[in-house]
Every structure is written in structure tokens, then in C-alpha cells.
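**Q** The structure that follows is given in the form of C-alpha cells.
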């Protein structure tokens, strides 16, 4: 797996940061919203505009507290299970995807569904279906219980085993060691995933790779940007929610790449001034489900403590955009 994937996007470049005197912020680029999150959030906004409140959303549309609270104030109602949605109502499926059984449940309740599953998650679903049809054992590297993993595993429950971490490899048993493939959750740490795959391949030498990288371009790009700046930072602040897999991974990557400390915050107010004691360089990034307004709040908070020099660290240029679900696309003139 390459260290970063730009999906054919031109303009990717590495940025050299010149050292300045005094306190400074290194600001990772890219950061924040990915194409799948942007699409999912806009899907709920457009559904509210088109149909009016309430619009039901199965699970948090994306894993970010601010985004969910903002959409809830606009009229979105977030539920955990399909049977919480009134019969005949409109329901949006979150960016993380759902298992086929959820579509069946929705049809039984005569729900009008809008599927905001990220297309890169849908790609992994299709891979699971394809290899299950060919009777492979599918080893899904991912976090047990995460919505995305539940949805992908649900495509082929008799063929999929979830491998949560490198140590879980010891417990994996397959029917035919020559018909085994690994797939992964899209928001994992690249390094930890590769360690899990290395250990799987030690156990199953003919283990097949996915047709293309399952860890999404945005997850990889954000991790690469953090790796580029972390060695120069005494502290890295990751803006993101605790239930956001890709945001939590950024904290881990920052620590692994050399930052003395790294913390996850939802809001600027979550920053403890004690974190800044003796610090001259703070790195700032944000998870793929984080709107830029929250990053700006963090920069303002840091400026109050003398960190008013902001230097970008650019490792990729993202221009990818996904089309909205057909149910809420604007009508053609």
C-alpha cells in the first residue's frame, strides 16, 4: 500500500516548513471534510429543504457532535434502529453504510429511503459480495461494532470474519487457506492495518489483497500530513469526536510520528491551557467529518495564548467530489 493515495488528483505536493522564532502553529493540509462526508451532510440538508422536517437519519450521519447537533436543530431526528422510524416516513442511511437486512426492514415499514453511504464504503461492500459469491473466506480488518464494519460484514455474514487488531490474527480460522482475501474498514490507521495484514500473511501465505486500497484516500492523506508535521511539534491537537475512527487514528499517528503529546478535542473550549506550557510548536489537524469552523475556533483559541503564526503543511491537494444520491439531486431543467 502506498503512503498516500491521491485518487488521480493533481497538485499533490510536499511542503517544507521554515522554522520561525516564537510560538507557531503547523496546520495540516489536507484536513477536515472528505468527499463522502460532504456528500452525506449535504444529503440531509437537501432532504430537509425538499421534504421539510422531520427527516429521520439512521445512526449519526457522520461521527461529529457539532454536525449532528446542527442537523438536529434543523429538523433531523437521529435513531439507532430502523423500527424507531414511523411507517411511511423518510429515512437517510448514514455515510457508514448499512447491511442488506436494514434495507429489508425499511421496505417492510414502507420507508422512503435515501442512501448517503460513502461511495468508497459501497466499494468495499461490493468487494465483500463478489468474493463471497466466489466462496472466499473474507478477513475484514476493522473495529468490531463500528457501523461501517457491521454494514460490510452484513453483506456476507457467513464468509466474513472481523479482525480487530494484529493480536486478533491468532484466533483466525479459515476453511481453505488458498481462498482467503483481506478487506478493511475505510478509516483505519494505515500502519496498524499493514501490521495486521503482515501477520495474516505469515499465517496464510497465499492471502489475497483487495482489488484496490480499501482505506480511503482522505484517511491516508490526513495521516500523511500529520506524519509530516508531528516530528516538529511538542503538541498536536486533532479536532474530532471520540466516536470518529479516523480522528482517533490521527492522535495515534501523531504520537507515533514523534509529537510529545496529542489530544482530541470537539471544540476550542476543550483545550486545556496546561497542554501549552513550555510548548512552542503546536500541530493542528481535523478528522474527515469535521467542518472547518471548528478548526478556526481552535486557531483563535491558540492565538489567545500567543500562537498567532500559522504555517500550512501541505502533502496533498484534494478535489474529489461525489454526486448526491439520486433521490435528492436537483431536477434537470
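Positions of Cβ are set from backbone N, Cα and C atoms, glycine also.
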**Q** The isopentenyl diphosphate site in Swiss-Prot includes 63, 96, 244, 245, 246, 289. Which of 125, 146 is also listed there?
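**A** My reading of Swiss-Prot gives 146 as the candidate in that site.
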**Q** Please report the distance from the Cα of residue 63 (isopentenyl diphosphate binding site) to the Cα of residue 148 (active site, proton donor), rounded to the nearest angstrom.
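**A** For residue 63 (isopentenyl diphosphate binding site) versus residue 148 (active site, proton donor), the Cα atoms are 11 Å apart.
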**Q** Suppose we draw a 10 Å sphere around the Cβ of residue 148 (active site, proton donor). How many other Cβ atoms does it contain, all chains included?
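**A** Counting Cβ neighbours of residue 148 (active site, proton donor) within 10 Å gives 26.
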**Q** Among the recorded positions 34, 118, 148, 186, whose Cα is within 10 A of the Cα of residue 246 (isopentenyl diphosphate binding site)?
**A** 186
**Q** So around the [4Fe-4S] cluster site, 34, 118, 216 aside, which residues have their CB within 8 A of the centroid of those CB atoms?
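**A** Everything else in range on the chain: 35, 36, 37, 95, 120, 121, 186, 187, 217, 218, 219, 288.
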**Q** Let's check the environment of residue 216 ([4Fe-4S] cluster binding site): how many other CB atoms sit within 10 Å of its CB?
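**A** There are 28 of them.
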**Q** Which has the fewest other CB atoms in a 10 Å radius around its CB: 63, 96, 146, the listed binding-site residues?
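**A** Output over binding-site residues 63, 96, 146: least Cβ neighbours within 10 Å is 146.
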**Q** Are any of 96, 146, 244, 245, 289 (the binding-site residues) within 10 Å of residue 118 ([4Fe-4S] cluster binding site) when you go C-alpha to C-alpha, and if so which?
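**A** So far as Cα distances go, the binding-site residues lying within 10 Å of residue 118 ([4Fe-4S] cluster binding site) are 96.
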